[in-house]
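Only one structure is covered here, and it is reproduced in the block below.
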Amino acid sequence: MKSLGEFIIEKQAEYPQAKGSLSGILSAVRRAAKIINRDINRAGVVSDLVLGSMGRENVQGETQMKLDVFAHEAMKAAFYSRDDIAGFASEEEEEFTAFDTERGHNAKYIILMDPLDGSSNIDVNVSVGSIFSIYHRVTPIGTPVTLEDFLQPGHKQIAAGYIIYGSSTMLVFTTGNGVNGFTYDPSLGTFLLSHENIKIPKDGAIYSINEGGYLKFPQGIKKYIKYCQEDAPEEHRPYKSRYIGSLVADFHRNMLKGGVYMYPQASNYPNGKLRLSYECNPMAFIAEQAGGVATTGHERILDIQPQALHQRTPFIVGSEHMVNKIKDFIAQYPDN
């Protein structure tokens, strides 16, 4: 079975212009994933150190968990060690970080990341994940990066991926040429290629949404949920409702089995809740590379021009036929 390192070296030939830089960044992600995986696996043993709240909120207004901070620092250290990264932005910090050194000024790439998605699930041993996104900077080489570098539409990503920490730990990523998954073998300390050229089934029978917010959803989403619940055996309905509360875990299951994930706008979240740059863009890039679709319900996610670092958006992603059906319902039942 091919290791992640071997895979990266093999694929490096596809990006001669990168001169190994992209491969090096993915290696940094791999290193950070191992550190985060170790801390998560020890969570129940050293609970006072890694479980629970930091007693403060992050920029999103969410309670910051200890493991959020550990994961953030692990990713930050891994990226700072690279000569080819000019700066990064994290869901956990209000402002982006420019690596204000000569090597940082001369670096070509910037990173956006959600260090630990679903961290509130840690203390009940539910799967969580890390999400990352890589872009070419747009400001001149030799200068510090600016906000402009981080406010790029998702279709300009050159790589994106996630790590899911569950019954096994997997790194799934794309560089714009399909999606591949690597499972961590702790006995070897190595990620091994276990899921090659992943494709999302065109249709599925799983819908994932927090139905506790049903009364606050748009009419089109309400109608689609009822459609999923209808008894129509000839169309393989009712569908299964599966919602973990960790975007990475829900997305990962649906990508492998076929399904759709929804986090629409709601009366209490009129612009949606998920972050465009840290969560939606990387997952949308992965989904499209695997043959899926990602939309707000009205617009392709990867076409949105971000206006702010922590901009939120409605998010619907998954199997092509299911997402298109939701778009039909949204168009048919507009909210006036």
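A Cβ is built for glycine as well, from the same backbone N, Cα and C atoms used for every other residue.
Feature annotation from Swiss-Prot assigns Mg(2+) 1 binding site to Glu91, Asp114, Leu116. Residue environment of Glu91 (Mg(2+) 1 binding site) contains 23 other Cβ atoms, counted within 10 Å of its Cβ in all protein chains.
The Mg(2+) 2 binding site annotation in Swiss-Prot covers Asp114, Asp117, Glu279 and is backed by sequence analysis. Asp117 (Mg(2+) 2 binding site) falls within a strand when secondary structure is assigned with DSSP.
DSSP assigns Lys273 (substrate binding site) to coil in the three-state reduction, outside any helix or strand. The substrate binding site annotation in Swiss-Prot covers Asp117, Gly118, Ser119, Ser120, Asn210, Tyr243, Lys273.
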Considering all pairs of residues in Asp117, Gly118, Ser119, Ser120, Asn210, Tyr243, Lys273, annotated in the record as contacting substrate, what is the maximal C-alpha distance expressed in whole angstrom? 17
Nonlocal neighbours by CB distance (under 8 Å) for Gly118 (substrate binding site), same chain, sequence gap 6 or more: Val126, Ser127, Val128, Gly129, Ile244, Gly245, Ser246, Leu247, Val248, Ala249
Ser119 (substrate binding site) has how many other Cβ neighbours within 10 Å of its own Cβ? 25
Spatial neighbours of Glu279 (Mg(2+) 2 binding site) that are distant in sequence (at least 6 apart) but have CB under 8 A: Glu91, Asp114, Asp117, Ile131, Leu247, Phe315
Can you give me the residues near the recorded Mg(2+) 2 site, meaning same chain, not Asp114, Asp117, Glu279 themselves, Cβ no more than 8 Å from the center of the site's Cβ atoms? Glu91, Gly118, Gly129, Ser130, Ile131, Tyr162, Leu247, Val248, Leu274, Arg275, Tyr278
If we count other C-beta atoms within 10 Å, could you say which of the binding-site residues Ser120, Asn210 has the fewest? Asn210
